[in-house]
């Protein structure tokens, strides 16, 4: 019994001590997303496309730093039955939605 308790303690300690990069949030796997990060975007493009690259440049974001696709003119998808619960454009899950509805970064498609 004592050795099992020690094993659990050691495993928990090693898990907590695993190094992780600060400030980097990994993108969710394609098709999986938290409800709070789902967006309905009018268009979804590569970061290097002319419209996306232009907006990224205005925001001071290097195109090479963007992983995944970029959503333009996005609105959050709310809970089922809410005002914004359906999406007639491109439903995506994005890493970074901190630029209002203008642009969302690190987007992957999701199924609603």
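Glycine too: its Cβ is placed from the backbone N, Cα and C atoms.
What Swiss-Prot annotates here:
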- 33-93: disulfide bond (DISULFID)
- 40-87: disulfide bond (DISULFID)
- 41-74: disulfide bond (DISULFID)
- 94-107: disulfide bond (DISULFID)
- 96: N-linked glycosylation site (CARBOHYD)
- 1-17: signal peptide (SIGNAL)
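If you take the Cα of residue 74 (disulfide bond) and the Cα of residue 107 (disulfide bond), they are about 11 angstrom apart, rounded to a whole number. Local packing around the disulfide-bonded residues 41, 93, 107 was summarised as the count of other Cβ atoms within 10 Å of each Cβ; on this measure the leading residue is 107. Between the listed disulfide-bonded residues, namely 40, 74, 87, 94, the fewest other CB atoms within 10 angstroms of a CB are found at 87.
Closest to residue 87 (disulfide bond) by Cα-Cα distance, out of the recorded positions 41, 96, 107, is 41. Taking the Cβ of the residue listed as 'N-linked glycosylation site' as reference, residues of its chain lying under 8 Å away and at least six apart in sequence are, in sequence order, 104, 105, 106.
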